[in-house]
Amino acid sequence: MKVAVLGAAGGIGQALALLLKTQLPAGSKLSLYDIAPVTPGVAVDLSHIPTAVEVKGFCGEDPTPALEGADVVLISAGVARKPGMDRSDLFNINAGIVRNLIEKVAATCPKALVGIITNPVNTTVAIAAEVLKKAGVYDKNRLFGVTTLDVIRAETFVAEAKGVDVASVKVNVIGGHSGVTILPLLSQIEGVNFSDEEVAALTKRIQNAGTEVVEAKAGGGSATLSMGQAAFRFGMSLIRGLQGEANVVECAYVDGGSEHAVFFAQPVLLGKNGVEKVLPYGEVSAFEANARDAMLDTLKGDIQLGVDFVK
């Protein structure tokens with residue numbers, strides 16, 4: 001199994017690479033790429049950790065050597081949010097970065113499962129899809145927007161609010177990966193009940209959690225460690241699916257034939273072909289149905305921005 005991390009010298013990439021080095025199945029290969037010249041050094045640093053995972057680092061303009069033979073590609077390259085920015089402010093820089101990297105993926109490892117972490121995910125996934133289509137290698141079952149950070153935040157905040165064991169909390173988060181497009185389905189969580197006020201407050205906190213971190217870091221960055229862990233969880237689920245493990249389910253932002261938008265985050269069953277099945281997200285409350293319907297214009301606009309960027 002070979003996993004490539006593109007953007008490996010950044011805060012998310014380094015956290016993700018550390019977790020992968022310590023947790024990937026024995027015999028795996030971990031390939032790190034970033035434009036920054038420090039990247040081979042990050043690989044050397046990680047190589048001193050005693051696990052049976054081979055690490056190599058690559059830097060410069062061309063990620064091709066890092067991508068050769070990759071089964072899974074996780075892309076976190078791009079600029080981070082600063083205070084006062086929202087995820088859409090990142091579009092002008094990150095759109096071009098994702099386009100260029102996906103062109104190389106299309107040429108080098110078109111069958112790889114690709115997880116896009118680079119924000120704004122609502123738009124960058126659409127960019128990736130259009131680039132892959134142009135190259136004639138698009139497979140909607142192999143492209144994912146990684147929304148797992150919304151899921152782990154929801155799990156954490158619910159457990160804190162209700163004083164329950166976080167391991168017992170399972171939350172589906174649907175829609176997209178910014179602001180109002182993030183919709184945790186709190187009504188479905190077993191064993192806990194919320195007042196209307198609690199639902200409204202928790203939903204807003206989950207939607208704005210990224211800003212909470214950006215402001216707390218006071219200009220020093222955005223969510224890197226929690227995003228690294230979320231990307232690791234999702235990446236490992238992709239690998240478990242590839243290895244034939246049954247019943248591997250994660251929420252992800254996919255081109256899954258949703259009635260709501262071309263790309264929509266919802267639970268997916270993962271397997272040897274990436275998405276084996278898009279799963280229904282179940283019954284929702286009136287609050288959730290209203291929030292879902294209210295987000296769709298924003299989500300569709302984000303997607304169209306990506307389509308137009310490539311055209």
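The backbone N, Cα and C atoms fix where each Cβ goes, and this holds for glycine too.
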Among Asn92, Asn94, Asn193 - the residue Swiss-Prot places in the same NAD(+) site as Gly7, Ala8, Ala9, Gly10, Gly11, Ile12, Gly13, Asp34, Ile117, Thr118, Asn119, Met227: Asn94
Cα distance (Å, whole number) from Arg81 (substrate binding site) to Ala9 (NAD(+) binding site): 16
Proximal residue to Asn94 (NAD(+) binding site) among recorded positions Arg81, Asn119, Arg153, His177 (C-alpha distance): Asn119
Position of peak Cβ density within 10 Å, selected from the recorded positions Arg81, Arg153, His177: His177
Count of other CB atoms lying within 10 Å of the CB belonging to Met227 (NAD(+) binding site): 25
Between Asn119 (substrate binding site) and His177 (active site, proton acceptor): CA-CA distance (Å): 9
